[in-house]
Amino acid sequence: MTDLSLDFKKQGGLLPVIVTDFQTGQVLMLAYMNEEAYQKTLDSKEMYYWSRSRNELWHKGDTSGHYQYVKSIKTDCDQDTLLIAVEQVGAACHTGAYSCFFNEIYNPE
């Protein structure tokens, strides 16, 4: 594991987090973490986020039972975005869909 300094300052104290299924690579969701959510995620190996709409820490699965267990964490070249692969229990999306990315805008086929 490499010790990198994540840049929480660039985007107002939050990092975008792209979450993928660790087995398939499917993108499940995009959310945000503040430093507290990031530390809790590292410590517990379960996903914590910062809810921008509720302005509070959010432990994924506490309400729905659809927990996310961390399998790997990567950062981009600027250390201001995270890519986290998880074991997803149930649906990742609040709509009940496995992935939040199900609305197709363009597909040439």
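Every residue, even glycine, has its Cβ placed from backbone N, Cα and C.
So that you can see what the record holds, here are the features copied from Swiss-Prot:
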type	residues	note
BINDING	ASP76, ASP78, ASP80	Mg(2+) binding site
BINDING	CYS77, CYS93, CYS100	Zn(2+) binding site
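What Swiss-Prot annotates, mapped onto the structure for a quick look.
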residue	record	contacts (Cβ under 8 Å, 6+ apart)
ASP76	Mg(2+) binding site	LEU82, LEU83
CYS77	Zn(2+) binding site	none
ASP78	Mg(2+) binding site	ASP7, LYS10
ASP80	Mg(2+) binding site	LEU6, ASP7, LYS10, GLN11, LEU15, PRO16
CYS93	Zn(2+) binding site	LEU28, MET29, SER99, CYS100, PHE102
* **Cβ-based neighbourhood (8 Å from the centroid) of the Mg(2+) site, residues ASP76, ASP78, ASP80 excluded** => ASP7, LYS10, THR75, CYS77, GLN79, THR81
